[in-house]
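**Q** Below are the structure tokens for one structure; questions will follow.
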């Protein structure tokens, strides 16, 4: 048995070789960061990342920190909405980072300058050419009016200006206007003569007015040309200035040129020499143009990394706001607000899968935006838009960004297999694995994170003993002495609880004892079970040998607590046909894995004992005092040893418990929960007497999974409590059923002798007669 003993089980770790590198300060995400970097570095559509992970604010903060650190000096853009032909249909333009505000200021200056130039042209007399033409128009009007008055007087008429035009009034001999009554008293011939003269005067006046209008239009066209030249000449320096200031900003320069051209054309077209009449139209022509910066990156130095906590349609895509004015809802270009997908342009958008998928419309429009590279804010008509007199329909905004979608594996599996678009969008999958190898980088990371958590949470400093026990606790969580379970939430929980214990004990620091007392604290349920063993309510025998009876090891795992518990496994055998009757299975208390394990046992037993002729015995196996469902295959070794014991009539040592899985060839396979199982048996032994001479048998392949508490380590080092390693069923037989004079071969020989008895019994059995 000595050759199977494991002597050195004490957990050891050396922090003297650590290398403090800041970039390695987050060990748990080292591999995940590679996938993030890969996704952000591939400049092609569809290479977004689905990150299989559970979400936490701390992880999010670290991801954003990593992205901003790795991706600096990226080419970012500002995005503005501007008014062109249709005020209800704004269009987006793209500028280099920080140029959006400059562009907006230039546009406002241009509009103000056009207003000043127009006002000056209308109201100032500095332009001699314009003034001469205006004077010429006035003179023509005066000459025309004088000529009409003179001709009218010669024919005995007075003229009167009305809205309908010129009215001719016949005069009496005293040159007073003739009334209608006086006109009616005239003879028919006289009335007809007056009407003929009026008709002649009207035709002459119409001819003169038409001549005047033609000339006035000709002169007005000349004034418009002067106005046009006035605007162009005075705006020349401004145009040179903004072209220089916005060098290489093609869309911005094109838009400003468009605005200038249209304002000049419309102002000239609208000109009528009457400022009061033209003022309102002039303001509308100039000030209808506007810009709204929906994405301003002037203060952004690193890659934008936006996390959207609530990815509803408005937050994700953006929206158009409305305000109440005079009993109706109105909007304008300045009320267009960008969503996260626009804010993340040129960078990275982080979303949680469960929140995105909670609204089918959000997921649909999200996919549409990513696949088309455009964000369309016209995703639906809200009730305000329905009530509004004038809605807006902005053109879609082009985007180029990467998306990190954080979710679980089940969600990824469903989307990948049932959503064709998803496969096109998320071509990279990253999976967070909290189990990391212990090396210089991860040890350095552990110490850095301990220090950081203590600072952030205002915890007491951690001494070397505390760091050691924290490392040990994380290795235990990983179930591997060569690795850490590196999860910041778990590390923070351990530190906060240990700090609380240090406060209770009025200590100035956190040492190993505080960590141990919190991490290895026994639960009420565990204590209750130990009490039932102590009171003899749960049966267990730790002395001597017993045929067909073995102490197996189980783990009670409720998620929030986990501890080991020994269980008595018994086997009876009797004449039969090679069946293994599992009491748990027949009682519907066996899980699928355990049922499979029983079938594997059948394969092994028949391979060893009934290869050619079959077995003449049946085996009846039971987990005693177990009333819940049994699942898993870690009791396979215990079950097969109890079967061999029942068959060979050789007893099993009850001071040694066993755990392990087997295959059909008798090879022992690793199991889970090995630390809890060992400590569970250790605690029962301690509470029922002492641990001296007691022990457990575990699979050889579980040797690196041992991270035991200090008390167990001490007893093993003393040699009072033993841990044995097995590779095969034969090893287990030697440890549990043999002494210095016997071997597994002897056990098998005894089993075969017993089988012959059953065979003889079967051959001599008389047929049953009713």
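Backbone N, Cα and C atoms are what each Cβ position is placed from, and that goes for glycine too.
TrEMBL lists 634, 677 with the feature active site. The coiled coil annotation in TrEMBL covers 198-248. If you look up TrEMBL, you'll see 544-739 marked as domain 'Lon proteolytic'.
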**Q** Kindly state the mean pLDDT of the coiled coil (198-248) in the predicted structure.
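**A** Taking every residue of the coiled coil (198-248) together, the mean pLDDT is 78.
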**Q** Between residue 634 (active site) and residue 677 (active site), find the distance joining the two CA atoms and give it rounded to the nearest Å.
**A** 11
**Q** With an 8 Å cut-off on Cβ-Cβ distance and a minimum sequence separation of at least 6, pull the same-chain contacts of residue 677 (active site), or say none.
**A** 553, 554, 555, 564, 634, 657, 659, 671, 696, 698
